[in-house]
Amino acid sequence: MNATFSSLALPGYRRYFTGALTSNTGTWVGRTAVSWLVLMELTDGSASALGIVTAIMFTPQLVLSAYAGSIADRFPKRRILLVTQSIMAMDSIILAGLVLSGHAQLWMVYLLALNDGLANTFDNPARQSFVSEVVPPANLPNAIGLNSASFNTARLIGPGVAGLLIELVGTGWAIAVDSLSYVVMLTCLAMLREEHLHPAPVVKGRGRTREGLRYAWHRPDLMILLACGFTVGGLGFNYQISNAVMSTQFFDRGPGEFGIVGSAMGLGALFAALWAAGRERPRLRFVLVGMGGYVLFNVLAAFAPQFGWFVGWQIPVGFATITVLVTANTMLQSATSPQMRGRVMALWGLVIMGVTPLISPVVGWFGDNVGPQSTVLFGVFFVALGLIIITWVIMRTDQLRFSFDPHRRGWLHLERGSLSEEVDGGTTR
């Protein structure tokens, strides 16, 4: 089998991949439908209301991420996923029923978003670290890349399907499709056998949450990766609001065209994920160059003269964004001990999603009061600033420094001088 898809030769990972792809596709159908519901059906185009929904959904990440990571390390991850996926399925079923019956109100969406966010807070670290249990260590970088490919294939398909369903049968049925997708994921999880798994040792006892924080704090290499994730994923990943506002208000387009924007971004993200999955070893330079690409292509998208240009620029925007997140994620998991992986991935979830409750209402306010383009440029400003600061910190600190060697393959790498280890693409030697 081609190296890009090598992990699919493993029966356990193949089942997990199938369930995740189906569930992720349904999730993107649901997210697109909820964005349309809030922006165009329950309000009169209020970007602030959409920002509040997003903020409510991710508030539990801000408060409970570290604790959720300790739970992922203390209990079997598959059991956690069975519970969290069931809760999110029920949320989707309830919302679909409310919309189809004509009883949906904005406060109900807020309440369901909070419950969904609670479940997702515990689902995220368990799901991300569970990947390392369905493949042997040698396959981990490839499996993480394929996992991202699954997520971004869903992002490619989901918004377009949602736009089509909204136009043909209505928003409620689009949300109902999301609820059905969870059934596939739950079935695939239930079908995994013990011989398919490579479980990490379960951490016993309480009071372990702080250990994850201390572990990352004393690993400068991990802190740099978390900072990159925070900059792009936490401050720059506002597409749920910016794409909705740009499509419906700046370019005055309907649900079909709105779905196309998400699919275009998903196409670029899919290319990035497959490219990352095909590489034996991710490298830091991909993260930094990806951050630069994020800034450049989002500026071009913000000032696109026509809707077609805006859609076209979403492809490199998606590629740059996911290059940063997948590469940093892979390096982070590869460089973390198995016993700490759940808590470190909870920190990853916190930095890329935990600040969303604080950022989303601000982005929504900018969309309503400054203009649609400001929702895109908001992220551009912070990612550009973050790239400058991260580069400066690496080059100034004693423990971290860049080494440039144009004659060496992988010319940009990160060294941890005081720890007598070099970290290059998530491996230590």
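Positions of Cβ are set from backbone N, Cα and C atoms, glycine also.
Here's what TrEMBL has on this protein:
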| type | residues | note |
| --- | --- | --- |
| DOMAIN | 1-429 | domain 'Major facilitator superfamily (MFS) profile' |
| TRANSMEM | 47-68 | transmembrane segment |
| TRANSMEM | 222-239 | transmembrane segment |
| TRANSMEM | 259-277 | transmembrane segment |
| TRANSMEM | 284-304 | transmembrane segment |
| TRANSMEM | 310-332 | transmembrane segment |
| TRANSMEM | 344-364 | transmembrane segment |
| TRANSMEM | 376-395 | transmembrane segment |
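The listed stretches are 47-68, 259-277, 310-332, 376-395; of these, 47-68 has the most Cβ pairs under 8 Å to the transmembrane segment (344-364). It is 310-332 that, among the stretches 259-277, 310-332, 376-395, forms the most Cβ pairs under 8 Å with the transmembrane segment (284-304). A Cβ distance under 8 Å defines the sequence-distant neighbours of the transmembrane segment (310-332), meaning residues of its chain 6+ beyond its ends; these are 128, 140-141, 144-145, 148, 152, 155, 222, 225-226, 228-229, 232-233, 236-237, 243, 246, 251, 260-261, 264-273, 275-276, 282-284, 286-287, 289-294, 296-298, 300-301, 304, 344-345, 348, 352, 423, 425-426. Per-residue pLDDT, averaged over the domain 'Major facilitator superfamily (MFS) profile' (1-429), rounds to 83.
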